[in-house]
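Notes to accompany the following structure.
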Amino acid sequence: MNVKILVLVAVLCLVVSTHAERHSKTDMEDSPMIQERKCLPPGKPCYGATQKIPCCGVCSHNNCT
């Protein structure tokens, strides 16, 4: 009897975790924060690959182009 209960609990945990993982991936794809990318417009100063916000185009001679 106890083994059946343990198996049932294990199966329920597996189903719930799979369901939660599936919804988590959907939430990340739909999130506006993930889709929105900030970038520096042309003419703004830049410092290459070490800067936090990249250029919308290319960093050339310390200016975004």
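Glycine residues also receive a Cβ, built from the backbone N, Cα and C atoms like all the rest.
For reference, Swiss-Prot has these:
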- Cys39-Cys56: disulfide bond (DISULFID)
- Cys46-Cys59: disulfide bond (DISULFID)
- Cys55-Cys64: disulfide bond (DISULFID)
- 1-20: signal peptide (SIGNAL)
Check: What number of additional C-beta atoms lies within 10 angstroms of the C-beta atom of Cys64 (disulfide bond)?
Finding: 20
Margin query: A 10 Å Cβ contact count, applied to the disulfide-bonded residues Cys55, Cys56, Cys59: which residue has the minimum?
Written below: Cys56
Next item on the list: Return one of helix, strand or coil for Cys59 (disulfide bond), based on DSSP.
Entry: strand
